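Following: one structure in structure tokens, then a few remarks.
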Amino acid sequence: MAGGGVIGVGGGDSRKPYPGNLTPYVTITCIVAAMGGLIFGYDIGISVLTGGVTTMTPFLQKFFRKVWEKKEADKSTNQYCQYDSQTLTMFTSSLYLAALLSSLVASTVTRRLGRKLSMLFGGLLFFAGALINGFAKAVWMLIVGRMLLGFGVGFANQSVPLYLSEMAPYKYRGALNIGFQLSITVGILIANVLNYFFAKIKGGWGWRLSLGGAMVPALIITVGSLVLPDTPNSMIERGQTEEARAKLKKIRGVDDVDEEFKDLVAASDASKLVDHPWANLLQRKYRPHLTMAILIPFFQQLTGINVIMFYAPVLFNTIGFGDDASLMSAVITGIVNVGATLVSIYGVDKWGRRFLFLEGGVQMLICQAVVAACIGAKFGVSGNPGDLPKWYAIAVVLFICIYVAGFAWSWGPLGWLVPSEIFPLEIRSAAQSVNVSVNMIFTFAVAQVFLSMLCHLKFGLFLFFAFFVVVMSIFVYYFLPETKGIPIEEMNQVWRSHWYWSRFVEEADYSNGGMEMSKGNHVPKNV
């Protein structure tokens, strides 16, 4: 029994190889759209607890005076507990609750008004939040700004991955979609570098530039959404049939688009029969889709990337970078993050999603075990490492970078790619909202409890996340089918041929989203 239940040889052969090329037009379009990830990445970079504005003394003195006084009074060398502050974590993680709420609204906007308008709303809301935060005079302004930033992230994370998956030719869908994750990593790197230099500005107002600087990526996605074309899927969904055919010819670079266009129209017709896509998600035939929409983002947030990235500045300081530890940590791990994401862009449509998921899981597991042993041996339960040999810290940092690379070419980008490409049109917006909502819920939860868990579990927290890496890798091996090379409107065949999920979808017997499929077109199961 093949654990993934893949289609054909290697899991990449489609039964409907639509004509089409990777045209310069669609390449540029997807690059511009993928920049929507900059707002999410930049916010992560400016708000991270070990290098963002929350570590800037003037910022803490102005808005979180008690936290600053506690930090100044605490001269403990316990590296496990020195950042344990629920006040700061609430400020940081409140954005994800707002993103959760807005993603639910964004589902309706994305479906009824198009992907472009949802991206536009995301850019405008994020711009407003950045503007308020940059000029904040009181805590309430920070909170309002954070909420608006969260609303913007919710809209962008809802619409951009869907836009990319629908616009890209199926043979290059993975690479173009991962451009979204690449933008996130670039945004994180840029924000961290800017934080370092802004913190050195005399007068202590550099934090305003860090927070207000978020207006730049917000403008990029706002302007981009105005100039980008809408996807043929979205145009057909809103009744613009002939315009959609012309647009499909332009983005595919060929005139022979009849087969793909027919399937898009059939999928749209099926979606119009669904009055309540949220309720529709609970139907038995959508069980595999709903499962992936929940478990993939759940597992993505439990890979342990937070605890690994948290320790990087401590270890870089040990190596001898001193006050530049946070910058060097951000730059080096950031470059690794960006570089490994480029590897994923190159290989996702060659090697497949399952290979990257599983290889990344094994790589992260090994690194977590090694880092846990090293941190446990030197930091012990007291959290005081004493004088670490430089070679020791260098070895640990090396494994941290290998871990970051494993995450960056597997669970990082694929956590956004796979859910965005597996949903039939009639539930696509609602299912993507579930995906974003679950991601935001657990991003909030991990951000809120992570530092307290670190303080109590100490180096055992590495093993806590390592356990989930094992579980998620087993889940992928047995339950996630390969989706590379399958046109997005033909994706149902991967479920119909899967050893486990076929029992749920074969009763519905549909393709092209929700249309009935003739018995002669059954795809044989691969068990």
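Positions of Cβ are set from backbone N, Cα and C atoms, glycine also.
Here is what TrEMBL says about this protein:
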DOMAIN    29-484  domain 'Major facilitator superfamily (MFS) profile'
TRANSMEM  22-42  transmembrane segment
TRANSMEM  93-110  transmembrane segment
TRANSMEM  117-136  transmembrane segment
TRANSMEM  142-164  transmembrane segment
TRANSMEM  176-199  transmembrane segment
TRANSMEM  205-228  transmembrane segment
TRANSMEM  290-314  transmembrane segment
TRANSMEM  326-348  transmembrane segment
TRANSMEM  355-379  transmembrane segment
TRANSMEM  391-412  transmembrane segment
TRANSMEM  433-453  transmembrane segment
TRANSMEM  459-480  transmembrane segment
> Sequence-remote contacts (6 or more beyond its ends) of the transmembrane segment (205-228), Cβ cut-off under 8 Å?
Replying inline: 29, 32-33, 35-36, 38-39, 41-43, 46, 52-53, 56, 58-59, 116-117, 119-120, 122-124, 126-127, 129-131, 133-136, 145, 149, 152, 156, 163, 187, 191, 194-195, 197-199
>> Contact between the transmembrane segment (22-42) and the transmembrane segment (459-480) is defined here as three or more C-beta pairs under 8 Å separated by at least 6 residues; is that satisfied?
In response: no
>> Can you tell me which recorded stretch out of 93-110, 142-164, 290-314, 391-412 has the most Cβ pairs within less than 8 Å of the transmembrane segment (117-136)?
In response: 142-164
> Which bits of the chain, at least 6 residues beyond where the transmembrane segment (433-453) starts or stops, bring a Cβ under 8 A of a Cβ in it?
Replying inline: 49, 83-86, 89-90, 92-94, 96-97, 99-100, 103-104, 106-107, 154, 157-158, 281, 290, 293-294, 296-298, 300-302, 306-307, 310, 415, 419-420, 461, 464
> What is the pLDDT of the domain 'Major facilitator superfamily (MFS) profile' (29-484) when averaged and given as a whole number?
Replying inline: 84
